[in-house]
């Protein structure tokens, strides 16, 4: 979340920074709420101070006088009771006002980085580089055509089981998925990440801390009888892991990697990517996550992106690196680098990883701090897919397809898959 002090003291600057996202943000009403909140905070603090002084005075009067029912003492006690009533009334106003302020500020996105390219939407994202040679030739099959011919996944039966946009992996398809998960986890743990396996169900406070709630409640699946949601990404439980904690600075950076199933409604994608593995309600992903010193998050952002890139390079999958423009940034991100893998059937690159620096945005929402330079400071959080499993499988199927209908397995994956070819069982 954004700093309330900044909203209170410089609302114009806040509006200008948010406008870089290509949308007009008017926060005058939030500014008024934060000013009123500060006034009440000061008034409560002043009354509490006066109440403490009065308590000391009452103790002194009692100590000096043998008459515990004197007029002076009764007047002081009456005044003390008035203080308590007034403080209680103000604290109730404070509680209501705090909720109003939080409800408003929780809906404001992060400030875009001054280094992010200015733009209105994905058409103005900036390509930084490409890697590998994209496969371009005639008669290229799509990954879902390959999957069906090799009988490695089935969407029709999955629709019968659940609904559309679900997939059942079969035989070598399930085996390939498992191989990819193990390969990615091994790569990242060798690179200094601690492997975690968090819960797939998360509460509302966790989703609020990472930025999914309250704005994106319609994009996630909620359990009707509990305050629990199916996690849309491991970013959510990994952020919540240290909620309300003061992390010892000597432990920073904390680098986590987690495989998890992810669940999304894909509410705004009707009619898009209806076939195959690209856009599903349930998919698997390996997530990278950092907690770091604020002074080191820019370098950490480069490193987490390089770590995600290393998987694509090991699998010999052509990709490009894209700097996301201000108008296309995710809600919690200040700057994002996307990795997009080449899918020859559609003759284009498709997102396979987003590596984001959220600065202190999630740490403020989750109250995660560290004592840095003798001051309790909100730390910075970073996240990135390392990688999305289904999209990686789609890229392997399309880029590795052979004329006989089989698929060449990348060399780095052979020890995990157990064969250098994927073919009909």
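Note that Cβ sites are derived from N, Cα and C of the backbone, with glycine treated the same way.
L-serine is bound by 233, 234, 235, 385 in Swiss-Prot, and the record lists one more residue there from 195, 287, 340, which is 287. It is 354, among the binding-site residues 353, 354, 385, whose Cβ has the fewest other Cβ atoms within 10 Å in the structure shown. Shown in sequence order, 165, 219, 279, 280, 281 are the residues of the chain, 6+ apart in sequence, with a C-beta less than 8 angstroms from the C-beta of residue 266 (ATP binding site). Candidates 233, 235, 385 (binding-site residues) were compared with residue 353 (ATP binding site); those inside 10 Å Cα-Cα are 385. Site extent for ATP: the farthest pair of Cα atoms among 264, 265, 266, 351, 352, 353, 354 sits 19 Å apart.
Secondary structure at residue 352 (ATP binding site), taken from DSSP and collapsed to helix, strand or coil, is strand.
The Cα atom of residue 351 (ATP binding site) lies nearest to that of 385, taking the binding-site residues 233, 234, 385 as the candidates. Calculated from their C-alpha atoms, the gap between residue 287 (L-serine binding site) and residue 354 (ATP binding site) amounts to 10 Å.
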